[in-house]
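Note sheet for the following structure.
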Amino acid sequence: MSSTTQAPEPVYQWTADEAVQFLKEWNFSLGIILLFITIILQFGYTSRSMFIYVVKMIILWLMWPLTIVLCIFNCVYALNNVYLGFSIVFTIVSIVIWIMYFVNSIRLFIRTGSWWSFNPETNNLMCIDMKGTVYVRPIIEDYHTLTATIIRGHLYMQGVKLGTGFSLSDLPAYVTVAKVSHLCTYKRAFLDKVDGVSGFAVYVKSKVGNYRLPSNKPSGADTALLRI
């Protein structure tokens, strides 16, 4: 009996003319998509528009799973062994970083109880207790001082509007910034009134420890800390 061997299927490769033709057909759509993403990433700040910032977070959140899918696709349809090796490495790195993101986000969520813990941009969450309600917002940098401003009843923390109906007397003695591995406590060091309904307070970092925010707080009390 004679055995027949099947010839390997040829690997299709794009030509330069096909690549140019693809860009000509999809150039306008790709340009609009990239322009939209660029505008969102450039102007997506909590101090400007919370809606645009949330859209920015969604785009950033989708980047890693999209990268993992593309890396796996490259592994399945690798052009040669060199491309296959790099694709496997990139896939492993992407999956490991994606898992680390979820682990850190869950740890931060346990510490704060806020869904902002899954913010892909930063692991710093600023927490301020106003009349028993804890406001949590992400901040990009690890600041040595934090500024709370009240303008005619409107509360701003680091330039981000948190709520209305507050006065300078409602500002707590302490503000916290939660991180994955620890929690920073900021003590109020300065308070100044501009007029009867406006003013600001400066908080200075005073303590760092392994704490979490309590789930229940009495109205008007300063934020307490629970060790974990």
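Backbone N, Cα and C atoms are what each Cβ position is placed from, and that goes for glycine too.
Swiss-Prot assigns K56 and K207 to the same side of the membrane. If one looks beyond the topological domain 'Intravirion' (47-56) by at least 6 residues along the same chain, the residues whose Cβ comes under 8 Å of a Cβ in the stretch are 40-41, 121, 158-161. Applying DSSP to the topological domain 'Intravirion' (47-56) sorts its residues as follows: 7 helix, 0 strand, 3 coil.
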